[in-house]
Ligand code: HEM
């Protein structure tokens, strides 16, 4: 199976000294604290069998040591394509197949399920926002994972969902909960980014060069502190955007390109405090009616955001202070003008910036990530 590499463990058998124990595979604290998902993601996707000192072997909630071979094979079989071979004698050789953070086949199937909910729920915008808000907490000045934040699935925990910037995103989690339940070998972090990229693509946007294999944080204590995401109405919008996005390691071009995601969706006063309760473009949905969109066709991914915020001619269309500044700041303006005039240029830069955003702060397993698309596609 693609995405799996063989590994070998040599285990002393029998032994009076139980070897280090395996960590639980059920997510432990994650399951206890997440009120939104009944099945927590796997605590650590890597079996780390090549490194006996790794965390899987040093922490434990299981009483089974490696001597307990039936138990091991049981655990491995509940991973993906586990292969366990045991030979008799003083030493036993266990050949297992190492599994990665997410399973490539499950990722592909999950993507089809995401397309299905997009078709029926018209939830593209909120899924794009979900991916962005999980990733956008990244701080390049912090080296340690997961303290540095980023796309690590921490947004599934209530403590982070309650951050003011995340108002309403619980709806996105509820939408993809059945998919997470169905594909236990896809991490939350991957599912959020998969949902976001798929939503862009399905709405007519560019193909995003994504990779997967994001390791999840395992407990709410690993969530970033509140305040890392941008405000829509700061005193000095250009300075604020630079402060926040430069901290993520993103530049002016990427700030402008990514802001173009507001070509999708609506702002709701009861969530963010921004926007009208409804407009002629939103009062009938699709999806839950209401809110104020940036564009007329707010379920279509195109460059109309840049055209509309440049013109500011329609009172029913939203322009946040952080949107308006894209045509006011001299450096931002170069890109905003370009994207208003050239959708192809916008799509190219957006796809690159979105992929970069989705990788911020990520711990990949395998380190090079997992690509689920044909390189040619
Ligand atoms: C540049 C700084 C940004 C600010 C200040 C900002 C602010 C906001 C606000 C206030 C809302 C309305 C939320 C609500 O009331 O439900 C919103 C919605 C949205 N944002 Fe942003 N955002 C920014 C950047 C981004 C980026 C980088 C992306 C994606 C790459 C993005 C994607 C979206 C989407 C798709 C929605 C619509 C959500 C929906 O319809 O449910 N935003 N944003």
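Cβ from N, Cα, C; glycine included.
These features come from TrEMBL:
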COMPBIAS  267-283  compositional bias 'Basic and acidic residues'
DOMAIN    127-377  domain 'Plant heme peroxidase family profile'
REGION    44-64  region 'Disordered'
REGION    219-238  region 'Disordered'
REGION    262-289  region 'Disordered'
For the region 'Disordered' (262-289), distant same-chain residues with Cβ under 8 A (at least six beyond the ends): 121-126, 128-129, 165, 167-168, 199-200, 203, 232-233, 295-296, 298-305, 316-318, 320, 323
Helix-strand-coil residue split for the region 'Disordered' (219-238), DSSP-based: 5 helix, 0 strand, 15 coil
The region 'Disordered' (262-289), counted residue by residue under DSSP: helix, strand, coil: 2 helix, 2 strand, 24 coil
